[in-house]
């Protein structure tokens, strides 16, 4: 039995400040929730080993500051991502409206090989609160218009749908990682023009 190499999946969580990105990550990785809000400065990450379809993978989940002054974290931060998670607060409509700009920001910075099919997952967080202002159908319609992005309604506080959402994130990230590996195994052929071919045949003929 051949041993499979370890797979590291890079997942980036984006969204406005205060939507619960850190809380979702902590709930998923550490099964903990804190009511004390502490803004993330720059970026931080946690890792978790998970089974995806009988394969053990390590997820490296990057949490980002939502403040605009941290929005340009640099190309190196985004590059190599296998999945991008977009988070909004269902009680704050403005955080939903900015999903477009977060998605665009990621695609510009990460410049994935196949942007049309790059895996995103959207989380509508804080469904445990009563003053909901973003309807489920509205969020689903946005996701459908963006190549049918998977959508989950979550509560980091009550641990609602967090595990299920990250299972989908891991599965989609693994699929993306596998496709990139296959693509890299078959480099693009180098095309020679007529002059190059003539030059090559002349150099190989030592008569």
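Even glycines carry a Cβ here, placed using N, Cα and C.
What Swiss-Prot lists as GTP binding site is 17-23, 34-35, 37, 40, 66, 125-126, 128, 156-157, and the listing cites similarity to another entry. Residue 156 (GTP binding site) carries neither a helix nor a strand DSSP state and counts as coil.
Residues or ranges marked as S-geranylgeranyl cysteine by Swiss-Prot on the basis of similarity to another entry: 205 (among others).
As annotated by Swiss-Prot, S-geranylgeranyl cysteine applies to 207 (among others), with the evidence given as similarity to another entry.
The feature N-acetylthreonine is assigned by Swiss-Prot to 2, with similarity to another entry given as support.
Summarising the annotation, Swiss-Prot assigns phosphoserine to 72.
Here Swiss-Prot flags 207 as cysteine methyl ester, drawing on similarity to another entry.
Annotation source Swiss-Prot lists motif 'Switch 1' at 28-41. Restricting the average to the motif 'Switch 1' (28-41) gives a pLDDT of 73.
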